[in-house]
Amino acid sequence: MLRARKGLWVLLSVLLAFWIERAISFPVRHHKRSRNGVYVENQVQNHLADSHPHQRRWLQHHSTGVLPLPEPEEESKPFVLDFKNLPDLANADIGSQNPNIQVTIEVLDDPPMDVEMDLVKEWSNDWSTSSPSSTVEWLGGKKLFWPLFWGYTDADSGEDGTGQAEDEEDDYDYDSGEPIPSGLGKTDGDWTHNRYEEKEEEWSTWSPCSVTCGHGNQTRSRSCGDFCTSTESQSCDLVPCPDDWNSVGHVFPFEMENGTEPYGTDVGSCEKWLNCKSEFLQRYLQQVFTELPNCPCSYPSHVSNNIVSLLDVGHERSFQWRDASGPKERLDIYKPSARSCLRSGLSKNGTTLAAQHCCYDDNKQLITRGKGAGTPNLISTEFSPELHFKVDVLPWILCKGDWSRFHAVRPPNNGLHCMENPQQDIFMNELEEAREY
């Protein structure tokens, strides 16, 4: 009996110890009654909270009911190295077993570095959305993307991005002392390009004619930047040289009346020119007289140094005209009684290279006859001043200035039926002088 009681107490002790242990390990709820009889439930306290601080912080963070958004993962794209885009590697033989190519690729996984220049901070808006991890310090990582900056000058080595020495000075001035690669946007530094700041210089005056007689050239120039000079050239026609008075070697391919004898250099060259029966010339002259505009009856005052468009009633359309009274026209020799002249421009729809030539007196009235009248130009100076001289001026010289004989082949234009000018008595005097000359 005693043994049974003792065994029972041992069993009860074990059960009591087990129950106490379970009671201690089970979470305890504390209740507090309010005055209105409503029970308020406190938060459950876990005895493991003190031993795991990170779990407690997690509970406190999520107690607000707001879950943090997961950080977006950047899409990783494969890096493609295209040798065709790299000048120094374009001709490399990558098919051989050991190609002579050395490529350095640097990967930065560290946190963003402090940039020592304001270059990255002031990039344009296109770069503002990029993540901080994509920012590369220019001073520390200038060789990371070296193919993009071939012109970058290394102050220490004196070489550019390709490893070759820089021979020419950079045209850019930058107050930070470091050259800036192109295409990186605006910076705080005050940098300008010398070439675009310079104002375009004025043209110099025309140089004297390269010859003292006959046909020559004159030039003018202006600066277009460092080590650059722009030059323009134009022809200048002076008094024909003595050797040119009878020279007809390069005139239109005219044929003589008998079709066999070419132009000579004898005294009868004018007669040979007058008696030319070239079929080509006849067709060309007919086309010229048909297409060219009629001479205006008065000289337009606003045409000086300008190109004007004037309506031609006979052709029912407008033609462009320009002044032809400059010094190189030598009106004092070829049109002695004219004060000013006009020359029509080449037409886009025209089938010839000719131009109408009209001259005017002191009263700006068209000279329709006599020594000052203009005649059609078979070759416009707008197309070729050299050919114009040989085709339109040289025949006048061959006839020794006898305009009456010249006008028999190239009659002055008066298609608008302007008043005859000069008057009859003056015209007869000029005609007598020309024949006696």
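Cβ from N, Cα, C; glycine included.
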Query raised in the report: The disulfide recorded in Swiss-Prot for CYS209 goes to which of CYS228, CYS236, CYS241?
Result: CYS236
Query raised in the report: Of the candidates CYS241, CYS270, CYS276, which does Swiss-Prot name as forming a disulfide with CYS213?
Result: CYS241
**Report entry** Number of other Cβ atoms within 10 Å of the Cβ of CYS236 (disulfide bond) across all protein chains
**Finding:** 19
Query raised in the report: Of the recorded positions listed here (CYS224, CYS228, CYS236, CYS241, ASN349), which is spatially closest to ASN217 (N-linked glycosylation site) when Cα positions are compared?
Result: CYS236
Report summary line: Within 10 A of the CB of ASN217 (N-linked glycosylation site), the number of other CB atoms across every chain shown is 13
Query raised in the report: Within 10 Å of the Cβ of CYS241 (disulfide bond), how many other Cβ atoms are there?
Result: 13
Query - Residue among disulfide-bonded residues CYS213, CYS224, CYS236, CYS241 with Cα closest to the Cα of ASN349 (N-linked glycosylation site) - result: CYS236
Requested in this report: For CYS228 (disulfide bond), identify the closest of the disulfide-bonded residues CYS209, CYS213, CYS241, judging by Cα separation.
Outcome: CYS209
Requested in this report: Sorry to bug you, but what's the C-alpha spacing from CYS213 (disulfide bond) to CYS236 (disulfide bond), rounded to the closest Å?
Outcome: 10
